[in-house]
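S.K.: I'd like to ask some things about the structure below.
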């Protein structure tokens, strides 16, 4: 079955302005959509310093992740998993497969992934009823987490989930738990530890190696299977965990014009 999806209308630009009678710190998009600073349960998103039962688990996750995600490791994993020869299954089968996993990198969510996917898709459908491609993107954006399952190699969590970042250039200090990058071999490699590293200004994020995980894997799956999702959908899938970019504005020197247009939709999605 083929799902035909229309190209998005890239006319919604994110800016900081106060909604009528609202909090001036809220992010408002043209068209009136408000991106909240707190989740549906009233808690602030992504507070890595808040005392919680998950704090130690999350920090240990990032310690290992930041030490082991190297340019060599990412290149090897992309070559191996880019063959897409593990197994074949439908979207709903993948969603059900994720029901047994909880993301150790997330300080906010300790629910099964299936609930997160359905909540994401429904929230987007409510706010953007006419953008069917965006609903679908919300539903499938985390399906790459099947890498945790034995059928897909049973990779450790540090190689599947967590915030993503470019490898092959200097690690930006806005990365969460940045201090652990100092134990990464690439941190001390002059080939990789400068602003541009192996890249060039405006080269485009498509040409940048990102830390390996579910985002890049699902991007490869969708792209190699000739998805009808628009480029903005693929951009969301590959970079929705790239918080240094879409939350802190880091690494923009690597973006091209298409990236800048697609980033508008990523701001809506996050």
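Every residue gets a Cβ built from N, Cα and C, even glycine.
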S.K.: Can you tell which of 135, 149, 240 TrEMBL lists as binding Fe cation with 116, 141, 142, 214?
M.R.: 240
S.K.: Near the Cβ of residue 214 (Fe cation binding site), how many other Cβ atoms are there if near means within 10 Å?
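M.R.: Other Cβ atoms within 10 Å of residue 214 (Fe cation binding site): 27.
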S.K.: Between the Cα atoms of residue 240 (Fe cation binding site) and residue 163 (substrate binding site), what distance do you get, rounded to the nearest Å?
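M.R.: Cα-Cα distance, residue 240 (Fe cation binding site) to residue 163 (substrate binding site): 9 Å.
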S.K.: Pick the one among the binding-site residues 104, 142, 163 whose Cβ has the fewest other Cβ atoms within 10 Å in this structure.
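M.R.: Each of the binding-site residues 104, 142, 163 was scored by Cβ atoms within 10 Å; lowest is 104.
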S.K.: For the C-alpha pair, I'd like the distance in angstrom between residue 214 (Fe cation binding site) and residue 241 (substrate binding site), rounded off.
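M.R.: That separation, Cα to Cα, works out to 9 Å.
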S.K.: Fill in the CA-CA distance, residue 145 (substrate binding site) to residue 116 (Fe cation binding site), as an integer in Å.
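M.R.: That comes out at 12 Å between the alpha carbons.
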S.K.: Provide, as an integer number of angstrom, the distance between the C-alpha atoms of residue 241 (substrate binding site) and residue 141 (Fe cation binding site).
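M.R.: Just about 10 Å between their Cα atoms.
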